[in-house]
Amino acid sequence: MPEDLPQRVRTVWWEEDEKSATVVLLDQSLLPQQVVYLHLKDEEQVADAIKTLKVRGAPAIGVTAAFGMALALYRLQREAAERGEALTLDQAHAHLLAAGHLLGLTRPTAVNLFWAIERMQRRADQLVGQGCGVEELGRALRTEAQAIADEDFAACQRMGEYGAALIADGDTLLTHCNAGALATAGWGTALAPMYVASRAGKQIHVFVDETRPILQGARLTAWELQQEGIPLTLITDNMAGHFMHHGGIKAVFVGADRIAANGDVANKIGTYSVAVLARAHNIPFYVVAPCSTVDLSLPSGEHIPIEQRNPEEVTRVRDAQVAPVGVNVANPAFDVTPHTYVTAIITEKGIARPPYEVTLRQIFRDEHDSGR
Ligand SMILES: CSC[C@H]1O[C@H](OP(=O)(O)O)[C@H](O)[C@@H]1O
């Protein structure tokens, strides 16, 4: 897989010149019709972008929040300097805590968000404890946020390589939602094995669930695969079973937003149904996720908070009202797939297979021993 990421699928990055700094985001809510880049100037704008899915996808959310915290301190420092005031370390530290709290309120399910905020906070606590200067703290946080982004890029590469070994030339695959480059700071999670396999010359075909209600599959995954030249067939979510029966699908690859210690997986709503259908057709069901998506503090999936989103995402498609006004609506953004339906969990540290309460901890022990 190439080291570079084509501009078309660069999700989020930091831009700075002598006068200002911004977090730059590809506005995914406008894709595929419009490619629009947002230049966010403060943590409130970053928080709003996460909450309104201008940026989405568990790893991308974590990277964006990390840049948002660095931006919060950068902005405070610039404003103090323009007033001719010196920011104290305590003020900087308190502001970072407030920014982390604000960003942590945006979406509850993707653990990468909290993992990134806590990692930035730990770095700040460490430096404040060492009595660093405010300028040094600001620089260190920008470096830490970039490190989180760079590590995610590398993790996507490795997940792609591990996952591609499970894909044979001529395979037909299925995926749900978007777990591609647009969901990460690299080539994606569930789509990375497809990119690696395709670039290695394997001929693959991908069935893409449109993924109601926000249509990440139709709008984002179809767009990504089309740009990459990977053949795809877009289907509605209720067609998945039919094509598992008739379409020669050899494997399912999906992403994840939070994986509990026993291997239960929270992912986009509809993933559980796909997993049950895959099992019914003896099709391997692979979850692809970096270690930053694994939450060993939760023993099982029933402890994973599930985001409930605006009912209008169900009753309206773009600007068209499709349901009677006033009907009762349920709109959970995620569901939990029990680990018993998960064939393997592909991480950047290798492929975990059941029993996940053992193999996930082993991967984490290796991760911890590597000093990450
Ligand atoms: C690589 S994580 C992608 C993951 O995030 C998506 O949810 P959302 O678009 O609401 O952020 C979906 O669950 C994907 O599998």
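Even glycines carry a Cβ here, placed using N, Cα and C.
Quick look at what TrEMBL lists:
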- Arg56, Gly57, Ala58, Arg107, Gln216, Asn267, Lys268: substrate binding site (BINDING)
- Cys177: site 'Transition state stabilizer' (SITE)
- Asp257: active site, proton donor (ACT_SITE)
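Structure coloured by features recorded in TrEMBL.
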residue: Arg56; record: substrate binding site; Cβ neighbours (10 Å): 27
residue: Gly57; record: substrate binding site; Cβ neighbours (10 Å): 30
residue: Ala58; record: substrate binding site; Cβ neighbours (10 Å): 29
residue: Arg107; record: substrate binding site; Cβ neighbours (10 Å): 22
residue: Cys177; record: site 'Transition state stabilizer'; Cβ neighbours (10 Å): 30
residue: Gln216; record: substrate binding site; Cβ neighbours (10 Å): 27
residue: Asp257; record: active site, proton donor; Cβ neighbours (10 Å): 33
residue: Asn267; record: substrate binding site; Cβ neighbours (10 Å): 29
residue: Lys268; record: substrate binding site; Cβ neighbours (10 Å): 27
From the binding-site residues Arg56, Gly57, Arg107, pick the residue whose C-alpha lies nearest to the C-alpha of Asp257 (active site, proton donor). Gly57
Between Cys177 (site 'Transition state stabilizer') and Asn267 (substrate binding site), how far is it from one CA atom to the other, in Å? 9
Widest Cα span across the substrate binders Arg56, Gly57, Ala58, Arg107, Gln216, Asn267, Lys268, in Å? 17
Not counting Arg56, Gly57, Ala58, Arg107, Gln216, Asn267, Lys268, residues with a CB within 8 A of the CB centroid of the substrate site are Ile61, Ala110, Cys177, Asn178, Ala179, Ala183, Gly255, Asp257, Ala333, Phe334
Using DSSP, would you call Cys177 (site 'Transition state stabilizer') helix, strand or coil? coil
Which of the three DSSP-derived classes (helix, strand, coil) applies to the residue listed as 'active site, proton donor'? coil
DSSP state at Asn267 (substrate binding site), helix/strand/coil: strand
